[in-house]
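Notes for the one structure printed next.
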Amino acid sequence: MAAVAPAGPGDSASAALDELSLNFTYGAPGAGNGSLSGDWYRRNQIHLFGVLLAILGNLVISISLNIQKYSHLQLAQQEHPRPYFKSVLWWGGVLLMAVGETGNFAAYGFAPITLIAPLGCVSVTGSAIISVTFLKDNLRASDLLGTTLAFAGTYLLVNFAPNITQAISARTVQYYLVGWQFLIYVILEILIFCILLYFYKRKGMKHMVILLTLVAILASLTVISVKAVSGMITFSVMDKMQLTYPIFYIMFIIMIASCVFQVKFLNQATKLYNTTTVVPVNHIFFTISAIIAGIIFYQEFLGAPFLTVFIYLFGCFLSFLGVFLVTRNREKEHLQQSYIDFGNIPGKQMLDKIQPDSHSLSYGTLPDGSDSTKSQSGEKKEV
């Protein structure tokens, strides 16, 4: 069924409901049942284009995160470390992230949130490979198994996501925005965000879960606003101009603001923790947040068969399990500093250990719990 705008002002609530009912188009029975026939491809060409944009965008994002991490490592090893925002390399990573996010945002205009959001698992694989290549992380057997499970989950997600085409107009967004489901949802998000922000700012708690939960809460607003903005632009091109409605610019401002603060918290996480841990955990949190946002705000599972929903959730489970296998037992990154250990010289007694002082060009002793009187002069102890 094609999307039809209400003819007159009349009863606005009733008109909005009528428009919503016309804005949903589900595939025929059997469509979206996992079959990869030629008919399936023809029916889902627009969705597949969105999937391609999302995959490419996530690969670029994984590259950008590793570049930012490499920038932090370089700055930390300098004699006089500079702020990260003065690093050209760091800004290059931010620019790449913007490109990747642009591809992701565009993807939401061609496919449902519940289809695009879980595809962030592609960045897990990309991040692991890039970290092994450039940051010298170890590639383990569990990484390969996790990657395989992530791809299996992606296959199920693409084939069993709701086969829905939804026309997003300004009236539709306005109706969703004042719905009781979304109002309850956004109030809960604001409360959780304020509590976490209090612990982060006032208590100095910078645990990765706190940082990435803040990112995920902002991300839910991002995907809602991105879907609204891109949907209204598409509706303007295909049907009736929507850019004259104030709601378009309200959603645009929400999109920009939420993106800016996401970058702030995500950058803090990548500075403190290994990207091979940050990226996958961020994927899990973001995916859950985005799926909930799509279900509550855009009602993307409305009328979907139970089997489709079950297999879709199973695909999410496989994706998350793959992410867990990739991230488990990852040690926090430590800066590699050169030091000399006299005890490692064959036939020599251990006299002392010395290493470069991280903040000067001089040499000093490594701390030793058995002797708290070591001097920075490197003098030998009597044996």
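Each Cβ is built from the backbone N, Cα and C atoms, and glycine gets one as well.
Copied from Swiss-Prot, the annotated features are:
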| type | residues | note |
| --- | --- | --- |
| CARBOHYD | Asn23 | N-linked glycosylation site |
| CARBOHYD | Asn33 | N-linked glycosylation site |
| CARBOHYD | Asn274 | N-linked glycosylation site |
| REGION | 355-383 | region 'Disordered' |
| TRANSMEM | 46-66 | transmembrane segment |
| TRANSMEM | 88-108 | transmembrane segment |
| TRANSMEM | 110-130 | transmembrane segment |
| TRANSMEM | 144-164 | transmembrane segment |
| TRANSMEM | 177-197 | transmembrane segment |
| TRANSMEM | 209-229 | transmembrane segment |
| TRANSMEM | 243-263 | transmembrane segment |
| TRANSMEM | 278-298 | transmembrane segment |
| TRANSMEM | 306-326 | transmembrane segment |
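Taking every recorded stretch in 46-66, 144-164, 177-197, 209-229, 243-263 and counting its Cβ pairs under 8 Å to the transmembrane segment (110-130), the highest total belongs to 46-66. Only sequence-distant pairs (6 or more apart) were considered; of these, at least three Cβ pairs between the transmembrane segment (306-326) and the transmembrane segment (144-164) are under 8 A, so the stretches are in contact.
For the transmembrane segment (177-197), the partner stretch with the most Cβ pairs below 8 Å, chosen from 46-66, 88-108, 278-298, is 278-298. Tertiary proximity for the transmembrane segment (46-66) is limited to same-chain residues at least six positions away from its ends with a CB under 8 Å from its CB atoms, namely 93-97, 99-104, 106-112, 115-116, 119-120, 122-124, 126-127, 130-131, 134-135, 158, 161, 163, 165, 266, 270, 275, 278-279.
Counting same-chain residues at least six beyond the ends of the transmembrane segment (278-298), those with a Cβ under 8 angstroms from any Cβ of the stretch are 62, 65, 112-114, 116-118, 120-121, 123-124, 127, 166, 176, 179, 181-182, 185, 208-209, 212-213, 215-217, 219-221, 223-224, 227, 266, 269-270, 316, 319-320, 323-324, 326-327. Using a Cβ-Cβ cut-off under 8 Å and counting only residues 6 or more beyond its ends in the same chain, the transmembrane segment (88-108) has close neighbours at 50-51, 53-54, 56-61, 63-68, 70-72, 74, 116, 223, 226-227, 230, 255, 259, 263.
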